[in-house]
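Mind having a look at this structure? Questions to follow.
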């Protein structure tokens, strides 16, 4: 028997698909950028060298981030099980991309080099033979390339997404008239994100954990609408023998229940003794009257289940008992109930009376007690971890700087916008925030590092080349990821709908930054490309001088040419 299957584990397939498809599309994009006239072994080597370094880095960050959640320091079992499964899935996914998918590329390259069909594995007919066949046969048996350009150096340029980015989108997004509107768009985005971060709500509402059509939802809504001024009924359990007949003990019980509306056999029994003018100042009289008189009356018989007796010889003892407390609260019932719980529990440790307070909703209050601060702490620690790791893994500090800014902007944007979308801090939203950190790194890192390390003359040309190189894979992966979320809309569960909202915001904010915000802002700020221009001019001048020297040494060179 393995660990229990928590509901949080069901979201594993949606989260791991974002990282898995990213590796597939990046490796496929690297394969398409290779020259078709090269041997297939060289093409696979070039694709791996181009893609697997960054994919290894992002996979390591995924593994470390979820490894922290799977460590013994995590005190929420559902989160721990989810992170353990996520770590295993990341490892399997990485080795699948590294081994099996790479083998598929080798097989596809061998077929393509020998002009075999990639689906039917048969020899592709000649162009003259295809021209004599119907259109459907030509479509099925065509190798996907024009014969005049079958061996051109970069056939990936004809991909429709690549063509659109190169010929239309790159020119539009870097246009000087578009940039002010992008800046205004980002200011609006940052304003709403900041406003949402100031309104974060905890996830202690039990409605978020129920199915949409569950009768418990109707009960919870009616209770909040009409009886929200009262706290949940709190069970007050005394689990040790007490001298209930002792005046000091009676005063202690009154002090503990002060400020509550109580449903208690103790108060009813004390009132019964006062009304009947009965004295029960010792143990034998107290228990004798309680059993033989008080609990025999019809109006008090329901208290029998609240008292546990034990018999030692001829003597009866009360070894445990319970009473119920209800507190008067304001409209913010959940927050005041959490504060009430935090005040009652310490009293059980310092009072002479040993008791436990409990209500079924306390389970969820304990589960989400740190929900508001936990995402901020985890995100902050994750960003710091990214900064440290990328500092050792890459050589350009500006790449680290831009990556941290981008990830922070996406993380705060998702956190603020999901708050404005009425998403509370529950277990699903917390896990999605952790995942958003890795999802943003996965897509922004290749784009940023390609831009920083580029050697073109201008920033605009550098960002154009970066989008042209990685934009297709990013767009394909995020689009596939968002389309895969559509079935979540048809699941009658509030938690599933929360998952849909959070992942939709994560994908949308990442797409917004990769294709709109970063391409514009990177043209304003460092790194500068002037030093690359100077280096190129110096190399060109040096090359011209060398050529002139060679011509002077060999006067017949021009004639020979």
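Just so you know, glycine gets a Cβ as well, placed from its N, Cα and C.
Because TrEMBL annotations are produced automatically, they should be read as predictions rather than curated entries.
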Looking at 454-472, 473-491, I want to know which stretch TrEMBL calls transmembrane segment.
473-491
Ranges 153-175, 176-198, 199-221, 222-244: which does TrEMBL label transmembrane segment?
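In TrEMBL, residues 176-198 carry the label transmembrane segment.
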Choose the correct range: of 356-375, 376-395, which one does TrEMBL annotate as transmembrane segment? Give that range.
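Transmembrane segment, as annotated by TrEMBL, spans 376-395.
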Scan 52-74, 121-143, 259-281 against TrEMBL and say which stretch is down as transmembrane segment.
52-74
Can you check which of 328-352, 428-452 TrEMBL lists as transmembrane segment?
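That would be 428-452, the stretch labelled transmembrane segment in TrEMBL.
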Could you tell me whether the transmembrane segment (503-525) and the transmembrane segment (402-422) have 3+ CB pairs under 8 A, leaving out pairs under 6 positions apart?
yes
Three or more CB pairs closer than 8 Å, sequence separation of 6 or more: does that hold for the transmembrane segment (52-74) against the transmembrane segment (428-452)?
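Since 3 or more Cβ pairs under 8 Å link them, the transmembrane segment (52-74) and the transmembrane segment (428-452) do come into contact.
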Using DSSP, tally how many residues of the domain 'SSD' (11-107) sit in helix, strand and coil.
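Per-class counts: 83 helix, 0 strand, 14 coil.
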What parts of the chain pack near the transmembrane segment (503-525), using Cβ distances under 8 Å and only residues at least 6 beyond its ends?
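Distant contacts of the transmembrane segment (503-525): 14-15, 18, 169, 173-174, 178-179, 182-183, 185-186, 189, 402, 406, 409-410, 413-414, 417-418, 421, 432, 435-436, 439-440, 443-444, 447-448, 451, 459-460, 462-463, 467, 471, 474-475, 478, 481-482, 485.
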Average the pLDDT scores across the domain 'SSD' (11-107) and report the rounded value.
78
